[in-house]
Amino acid sequence: KPQLVASSDRFCRFLEEYCPVVTETYYPTIWCWEGRVQTLLRPFITSRPQVQYRNELIKTADGGQISLDWFDNNNSLYYPDAGTRPTVLLLPGLTGTSKESYILHMIHQSETLGYRCVVFNNRGIAGEDLLTPRTYCAANTEDLEAVIRHVHSLHPSAPFMAAGVSMGGMLLLNYLGKTGRDTPLMAAAIFSAGWNVFESVESLEKPLNWLLFNYYLTTCLQSSISRHRQMLEKLFDMDLVMKARTVREFDKQFTSVMFGYRTIDDYYEDASPCRKLKSVGIPVLCLNSVDDVFSPGHAIPVETAKQNANIALVLTSCGGHIGFLEGIWPRKCTYMDRVFKQFVQAMFEHGNKIFSM
């Protein structure tokens, strides 16, 4: 059974009644239960549901642009009125877009419930041009704030939630820690977030983890900016950035410099959501596996979470990073998908009861 960590008895009772999946035993796929194997195989094993998006480009205060992919769900039987149709904002991982299989599955789950989804693609990685020499990072929440304001302004009467995966979850937590209760979001779900960036990069620099994950992730980061080389060369020594062999080296030469941090340690300190958890002012459910090499179990802020009645942690012993595969042949629904579906439904349809239980 997962470990459910929550200081609020009301939140616990709410989850037990309306999101019972968090109290069920999670049985990982028996032939790939180890965390690294789950992490590596999920993208290849899980199906990719067909989703038709409507793309929207919105302008930012600094002259840049952000690509949003909408799934309007105009055929929703439960919520035929677009003005009040519940909306879920989805934040993919570090180099992820609306095309990731885990995002497509979240949209598929939302479609069956009648909800609308919008995917926030970080600057420059979803095919759109960079209009300014600026990308994104886990600590800077300005783009996310702009997106949340924009979506809420379009549908001010619609219940509004967000779900973030991996770095998307870190960004969302950092936003919630900054805004407290001053947000149009009613709740949030976080999956496989890296809680302490220092611990995450140290784990990823162990020899086997570097070989399996770190080097590949670094090349993905370099690939995501190489298309914009002409724009970025105005501010960066791109030859030096392209020589990075670890995420830490990339962040030292590129990310921390772009966002004005004096040192990489300053950036990692600011990017770590564990520092902002006490300030979160809306109900948040966080799912992590303790065998996740991207977010090692010892760095999950269990004691800090217990100090905020708005936070519930669900910790599994297996599952890896955005893995959570279950069943003999885990093509379709993962444990993470089921947690997402039950939690958003619980909040949209019974969220008012969380304060009266």
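Backbone N, Cα and C define each Cβ position, glycine as well.
TrEMBL: automatically predicted annotations, no manual curation.
Per TrEMBL, active site, charge relay system is recorded for SER166 (among others). Applying an 8 A CB threshold to same-chain residues 6+ apart, the list for SER166 (active site, charge relay system) reads PRO92, GLY93, LEU94, GLY96, PHE191, SER192, ALA193, GLY194, PHE294, HIS321, ILE322.
Marked as active site, charge relay system by TrEMBL: ASP292 (among others). Annotation for ASP292 (active site, charge relay system): spatial neighbours GLY35, THR39, SER192, GLY319, GLY320, HIS321, criterion Cβ-Cβ under 8 Å with sequence separation of six or more.
If you look up TrEMBL, you'll see HIS321 (among others) marked as active site, charge relay system.
Summarising the annotation, TrEMBL assigns domain 'AB hydrolase-1' to 86-327.
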Across the domain 'AB hydrolase-1' (86-327), the model's average pLDDT, rounded to a whole number, is 97
